[in-house]
Each structure stands twice: as structure tokens, then as C-alpha cells.
Amino acid sequence: MYVCLCNGISDKKIRQAVRQFHPQSFQQLRKFIPVGNQCGKCIRAAREVMQDELTQMPEFKEIA
């Protein structure tokens, strides 16, 4: 599903970037993929996808 229509960023691309780069903030994620830098309507959904993927990662499950 497309999250950012302006830049053609899908939830899969966000999840892939989270797994590869382990960003700890949305600003860090934006260094790796161009999400939320045009109209900004996708920021909330992109953050939700990022947080969901972070909580699915094994190293974060052990901490929780």
C-alpha cells in the first residue's frame, strides 16, 4: 500500500528501511527514504508503519 503518494513510498519500502537502517526517529528514517517531505499528509501513517516494524524486530521484543 502506498503511504506517501508524492514520492511513491510504500509501507514495504518503509519497513525495509527500518529493518536495514534501524532508525530511532522519523527524522532518521527521512535520511534514508524521502517520505513526508512534500505535502506532509503521509507523516502520521509513515510513523505508524515505522513504529509497527520496530516493535516487530527481535531485538526490540526482548527489551519489552
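Our numbering is plain: 1 for the first residue shown, then up by one each step along the chain.
The backbone N, Cα and C atoms fix where each Cβ goes, and this holds for glycine too.
According to Swiss-Prot, the protein has these features:
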BINDING   C4, C6, C39, C42  [2Fe-2S] cluster binding site
Residues within 8 Å of the C4, C6, C39, C42 Cβ centre (excluding the [2Fe-2S] cluster site residues themselves): V3, L5, N7, I9, V35, G36, N37, Q38, G40, K41
Neighbour count (Cβ, 10 Å) for C6 ([2Fe-2S] cluster binding site): 15
Greatest C-beta neighbour count within 10 angstroms, which of the binding-site residues C4, C39, C42: C4
